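*Asks:* Please read through the structure below; I'll follow up with questions.
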Amino acid sequence: MQNAAVSDEQPFGAAFSRARLIQYSVAVVALVLVAAPLVPIMYQAVLDKPIYDGQAILTLDNFSRLFSNPKFYEAFKNSVVLSAVTTVIAGIIGVSTAVFIGRTNIPGKKFFGEVVLWPMYVSHLVLAFGWFMMYGPSGYVTLLVEGWIGGKPWDLYTMAGMAVVAGAAQAPLVHLFCASSVARADASLEDAARTVGAGPFTVLRRVTVPLLRPAITYSAMLNFIGCLEMLSVPLILGTPVGKDFFTTFLYTQGYSGSNPDYGLIGAAACFLLVMISILIYLQTKLLKKAGRFVTVKGKATRPKIFDLGRYRWAVSITLAIYFGLTLFVTVGGLGLRAFTTFLTPLLAPWELLTFDNFALIFEYDAYQRSITNSLLVAGIGAAVAVAFVSLITVIIHRSGFRFRRALEYVALYPRAVPGIVAGIGFFWGMLLFPFMGPLHGTIWILILAFTMRTIPTAFGAISPALMQLSQDLDQSSRTVGADWWTTQRKIILPLLRPALFGAYVLLFLSFLKEYASAAFLFAPGSEIIGTTMLQFWVNGDSGPVAALAVIQIILTITFVVFARKLLGVKAYG
């Protein structure tokens, strides 16, 4: 149950003023940060000329042109179909791994429990590159299998192929939500099924999985929305064959020559924002109806492990094959490509070994700078974002600020803003708002965009820990004369240190992986790894792409190990 807000009333006017000053300042900054990309997009959507043109007039013609554009109709259809199929594939994989790893006696379950979450640490852009290099039309595995069977084994350029790639990338999210529900399931319901002779697979299928419906619904909505705003898979696998999606439509329109259609881009971005906002609203409504699936009540229960008997090894081998093909082969393939001149099954990789791809990265300042900028944006940006969101959180949950509910809506709304839309919005914001102009070409505009996108993530990581702290702490502090800010700074925030560390780790990884928001924001001097990989890819330089992907993976692994060993934080799970 949410804690009641603590009153900020103080006997001294200075203390009262300080609390109000901090609260209003944080609220205004949050509102400006979230509105900064949205206002330019909505404004541009109703202008007949670019937002920087002083002769522009208001019009609704952009929406008429958008809805009559056959490419947009195709993008809409393809995006919905890809999102739906991806959601189904991710759901099947995620629920299966959660149930088999969490509730059965398969060999290697501890190892699988770690491996299943690894894709969440890696950028979807890196995963898409790995799939392309291994399973694409000229991929290493594709050519190898084609040589064996004498025909084309699969085609990643189809909707089904893209859905498999996106589904494998999104499946860990389903696993994460379902695994916690599986661990808390009431064993008495499963015992009742066993007493009437149901076997382990029947119990799992007819009792355990249906109890996961709230977790499945929530993760399915997240995956559907995540796929709608995904740029990597549609760009890498859809663009070469002329398939348009929401994100690639915006991306290609934005980069279409020296005179992009700003009005059309603004209208399309507005449409995508409205669509995702509606989906998030429906997700919230669906979760409110999840109470009828509650099985964990006052009486303690201990979920039992299902004995799969002779099938335990079959399930374990199946999982090993799945992780091998979707994770180890793709990431390993990136490593091979990074250290070879080219990759082909016709020649042994050790005959093609080279360090030229890495030499190229470290030879030019711009490529080196993309690595250092990524670390700076992630390190500094995550710290700034966590500090800011921690203030938002204590204002919402531990103050009498009159607009705290409105502030909560503002903090959560960035869930509806896709990365590429945020990038376009901040880019136009620099053209529209004079105070944003100096940020152009600096890493600070990237930090602002990434921070806006990750406010809900940090808020979700900090809020549960804060709500576990008793209001008695605040009241006791007040009795000795401390004002609201002193109480938060000296007592509440220090007690939140583990949650703040956890939020920092999550945001560091998110900032390090982010690329879609930066696609329209970077400039010479503010490159990051993701944008540099995209530039190499457009030029057909797959070797440097693989080298940068390997560098990003190494940085991620190093940070995750550091977070676990020194901070005692696991990013996921």
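Glycine too: its Cβ is placed from the backbone N, Cα and C atoms.
Dumping what TrEMBL says about this protein:
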- 76-283: domain 'ABC transmembrane type-1' (DOMAIN)
- 371-563: domain 'ABC transmembrane type-1' (DOMAIN)
- 21-43: transmembrane segment (TRANSMEM)
- 80-103: transmembrane segment (TRANSMEM)
- 115-136: transmembrane segment (TRANSMEM)
- 156-178: transmembrane segment (TRANSMEM)
- 215-242: transmembrane segment (TRANSMEM)
- 262-282: transmembrane segment (TRANSMEM)
- 313-336: transmembrane segment (TRANSMEM)
- 374-396: transmembrane segment (TRANSMEM)
- 416-436: transmembrane segment (TRANSMEM)
- 443-467: transmembrane segment (TRANSMEM)
- 491-512: transmembrane segment (TRANSMEM)
- 544-563: transmembrane segment (TRANSMEM)
*Asks:* Residues of the same chain, at least six outside the transmembrane segment (443-467), with any C-beta under 8 angstroms of its C-beta?
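*Replies:* Distant contacts of the transmembrane segment (443-467): 2-3, 30, 33-34, 36-37, 373, 376-377, 380-381, 384-386, 388-390, 392-394, 396-398, 411-412, 414-415, 417, 419, 422-423, 426, 430, 436, 492, 496, 498-500, 502-503, 506-507, 510-511, 514, 517-518, 521-522, 526, 528.
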*Asks:* Go through 80-103, 115-136, 156-178, 215-242, 374-396 and flag the stretch with the largest number of C-beta pairs under 8 Å relative to the transmembrane segment (313-336).
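*Replies:* Answer is 115-136, with the largest number of Cβ pairs below 8 Å.
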*Asks:* Is the count of Cβ pairs under 8 Å between the transmembrane segment (374-396) and the transmembrane segment (80-103), pairs 6 or more apart in sequence, 3 or more?
*Replies:* no
*Asks:* Any contact between the transmembrane segment (156-178) and the transmembrane segment (491-512), i.e. 3 or more CB pairs below 8 Å with pairs at least 6 residues apart?
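*Replies:* With fewer than 3 qualifying Cβ pairs, these stretches do not touch.
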*Asks:* Under 8 Å for C-beta pairs, could you tell me which stretch among 21-43, 215-242, 262-282, 491-512 has the largest tally with the transmembrane segment (416-436)?
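*Replies:* Most contacts with the transmembrane segment (416-436): 21-43.
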*Asks:* Between the transmembrane segment (262-282) and the transmembrane segment (115-136), are there at least three Cβ pairs closer than 8 Å, leaving out pairs fewer than 6 positions apart?
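*Replies:* Contact absent: fewer than 3 Cβ pairs fall under 8 Å.
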*Asks:* If we skip the immediate neighbours and take only residues 6+ beyond the ends of the transmembrane segment (544-563), which ones have a Cβ under 8 Å from one of its Cβ atoms?
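*Replies:* Residues 121-123, 126, 129-130, 133, 331, 334-335, 337-338, 357-358, 360-361, 367, 370-371, 374-375, 501, 505, 508-509, 512-513, 529, 532-533, 536-537, 569-571 contact the transmembrane segment (544-563) from elsewhere in the chain.
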*Asks:* Hey, which bits of the same chain come close to the transmembrane segment (115-136), Cβ under 8 Å, at least six residues off its ends?
*Replies:* 97, 101, 142, 154, 156, 165, 168-169, 171-173, 175-176, 230-233, 235-237, 323, 327, 329-331, 333-334, 337, 343, 509, 512-515, 530, 533-534, 537, 542, 545-546, 549, 552-553, 556-557, 560, 571-573
